[in-house]
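Annotated features in TrEMBL:
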| type | residues | note |
| --- | --- | --- |
| COMPBIAS | 792-802 | compositional bias 'Acidic residues' |
| DOMAIN | 43-323 | domain 'FERM' |
| DOMAIN | 561-640 | domain 'DH' |
| DOMAIN | 669-766 | domain 'PH' |
| DOMAIN | 841-938 | domain 'PH' |
| REGION | 405-425 | region 'Disordered' |
| REGION | 468-495 | region 'Disordered' |
| REGION | 781-815 | region 'Disordered' |
Amino acid sequence: MAEPDPEPIAFGAGQRLGAPETLGISTLDPAHRPPAMPPGRHVTVRVRMLDDTEELFDVSQKASGKVLLDLVCSHMNLIEGDYFGLEFQNHQKIIVWLDHIKPIIKQLRRPKHTILRFAVKFFPPDHAQLLEELTRYLFALQIKQDISSGRLTCNDTSAALMVSHIVQSEIGDFEESKCRSHLLNNNYIPDQMPLIDKIMDFHSRHIGQTPAESDYQLLEVARRLEMYGIRLHPAKDREGTRLSLTVAHTGVLVFQGHTKINSFNWAKVRKLSFKRKRFLIKLRPDLNSSYQDTLEFLMASRDCCKVFWKICVEYHAFFRLYEEPKRKPKPVLFTRGSSFRFSGRTQKQVIDYVKESEFKKIPFERIRPSSQHLSNVTSELEDFPSYQSSVQSNIAEQDLRNRERHCSGPLTPPQPRSGTAAPALDSYSYSEQNGCTGSNSPCLSASACHPHGMVNGQKSLELCGHSPGGRQPSPLTSPLLNDAGSIRTDDEDEVRRKRFPTDQAYFIAKELLTTERTYVKDLEVVTVVREDGILSPAYLFAPALDGVLLFNFHTLSLLELEKACRSCPRLEDLCRDFELQKVCYIPLNVFILRPLHRLIHYKQILERLCKHYPATHVDFRDCRAALADVSEVVEQLQGSLIKMENFQKLLELKKDLTGIDNLVVPGREFIRLGCLSKLSGKGLQQRMFFLFNDVILYTSRGMMPTNQFKVHGQLPLHGMTIRESEDEWGVPHAFTLVGQQQSVVVAASSLAEMQKWMEDIRVAIETAKTTNGLSSDLLTSSLSGSKCPEDSAVEAESEDETAASQTSLERPAPHRGNTMVHVCWHRNTSVSMVDFSVAVENQLSGNLLRKFKNSNGWQKLWVVFTNFSLFFYKSHQDDYPLASLPLLGYSVSVPSDSENIHKDYVFKLHFKSHIYYFRSESEYTFERWMEVIRSATLSSSGARGPSNKESRPH
């Protein structure tokens, strides 16, 4: 495998590929290793990459074509390599794809003198299905080649718009002289000179657009063109008319010149075959169609027919099948036809692999001449003062000391070992690719970038600067354990732990202290902007309020903040930018409601303390009196708090969705959100569904810079029916939503998920029959009607391409990419409002020792459990978490004997191949961590909570 040059490399325009050095450790999966090489004589093969550089690869002659492709992908650290292939000109001067199954020696007559081209082989209908930034960049390079060669034909407006995005990614923000000079020296399209002014005009509108955003917008324009991904194969019909055949994800297409005149969807095609020069398409019988049963096209030769037939077979298998077709056994005596079959992962398998494995590789780093604009972007909230308060911490500290007076034995608090510094996270990594995700979506603001560098997918606290490309972290992040930063426990630690008090009251009081520390930190985040512009912490006066007044204050704050944001765009921008800061690790509105949630926590802690103390204990009467007072306040606020949580959730979802208006209206209740696969003409496609008490919305997660979900359609619940339809459609866990205007077939990821959805939808339908309050307030959308655009015909290119690509000209505002909506999308699960309510009650903070599956050391971390996630800090004094681990989909258990974890109070978190061990200090804290974590993990594995109509238990 070709090694990266250690010397500095001069990158020209468009040359951003390379294999970065491996400087860190992968935390979740092994590195993207090169494939195993079969024994035998080796040969050097030359491959021309998409950026026109050439690489040499040393492979065995007996190696299959798949081995060479895997070697190329490994060299680039490309995970989604299944979209690509290696093409070359065979001895008959025909451009063919390197066969995955056949040995290289049987395909390349003269390997040393053959140049293979690495190119895009399968063009998906939506580039949002490409989960890696590197993959989208390679697609962008392919589009750049196609428009330059004239293969991707389009009108002048589309061409100028695409070139402007290419120029933005290569030279950065618009400067007239630099842009004009660059266009004069670089020819991107045939006959470029007349379009230079139009290109510059478009380029001037892309200020601040990162290379990743430019790639995304380039693909957004290109995918709308009729010739996108088209590779023409000359043919004639029965009358001798010159035509061209091609294949796409939808089926076989027929072109005359550069105009599509016919298409045969995969659902209509019964069989594809060839006989000598004749290419045959056998259609399924259709009484309403005038087509013949079998269509015949004449191609130049038998080899041309076979080449086209092969790519048709591969396209059909890649986009239509769930898994790679199994190889048929060879006949013993006679063979009929070709034995060729598709080899490799299907698109569904590729997407599932990237999502489920949460693979994180070396980050793809772009280098371009001009990126100065990033250093000039500042956040208006960057200079927020850091407030320190010990008012409530002192209360908890004093309470802890009071508890200690009643404990037996010496009460020496645990101290770090002499000669050791405070435990630190030396580095950590992100586990989703995203997935981006969030992680795959380009970061828009430098204020949202992390101030620590990333190396090999990990962030080192010793590095300074911002992450390459300014990418935001994935919503599915996980801290990394590094031997250099881990704390190894030994006999000295065991002795120190045994000096802890054994009275459970000590640990109950300590829980009050640890959770109070997090509570105070959360209150420091919530600030009030006075008329003089000075920011003051809300918690300075919050403790002075009684329960009801406290509720009214924070309710008013939430309502007034939403009202003020609607009337003041600048305030809305400030709040949105602030949510992108690392200190705002959960949605901003949740911080405002924290004092109300804290009352529930006080009640739970006092209940445990009263249950522990005997009636004769000196503190029993005081604890009972305090519990009575808190319980009375909680009972008064219970109903109103549920309404406020629903209001807060609607506000949060409003930010997660685009293409929909008036989501937050009186009477609307959120019930469930999560992933379902929607059946359409293109097969099963992953969609995010949102169930309310009056309507169901279905959306898709585009790789747009805003990190939002685009609403495709809505299904009113009034008059809807629901039925299981697994047998009807042959799709596991499928059910049909039959509305008054349209029906939608969806499939859940598991039987438990299907039952949750069907139960909640049935209850919501029954409720909608008796309530008509929202019938006149149906959601209005920027979409034209409620039908999903994905079910309509392929969009035709129009002259007014700027209207279709408005999002590429108006740079939208960024949004949080790590909300529970994104987590559910990546984990393919769902969460109900009942789950959110339970999560409010189950919050915990404290120190834990943590180790990974294959590591020896234990690392001490300050861990906060909230919002279905574990947030990791170096210490409780840190202002923001270093990383987080969403727990939806995980299971929690006790390690088995075979795992050789010979420590007390250890619990294990397990999700697919990812295993983490956490160690607590006592039996009480162990049981508490198990209890709260189960509240987040069981909801995704079929455990049912109370129905939506039940209130939280008192």
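Cβ atoms are placed via backbone N, Cα and C, with glycine included.
For the domain 'PH' (669-766), the number of residues in each DSSP class (helix H, G, I; strand E, B; coil) is 20 helix, 50 strand, 28 coil.
For the domain 'DH' (561-640), DSSP puts the residue distribution at 63 helix, 0 strand, 17 coil.
For the domain 'PH' (841-938), the model's pLDDT averages out at 89. With DSSP states grouped into helix (H, G, I), strand (E, B) and coil, the domain 'PH' (841-938) comes out at 20 helix, 42 strand, 36 coil. Across 43-323, 561-640, 841-938, stretch 43-323 shows the highest tally of CB pairs under 8 A with the domain 'PH' (669-766).
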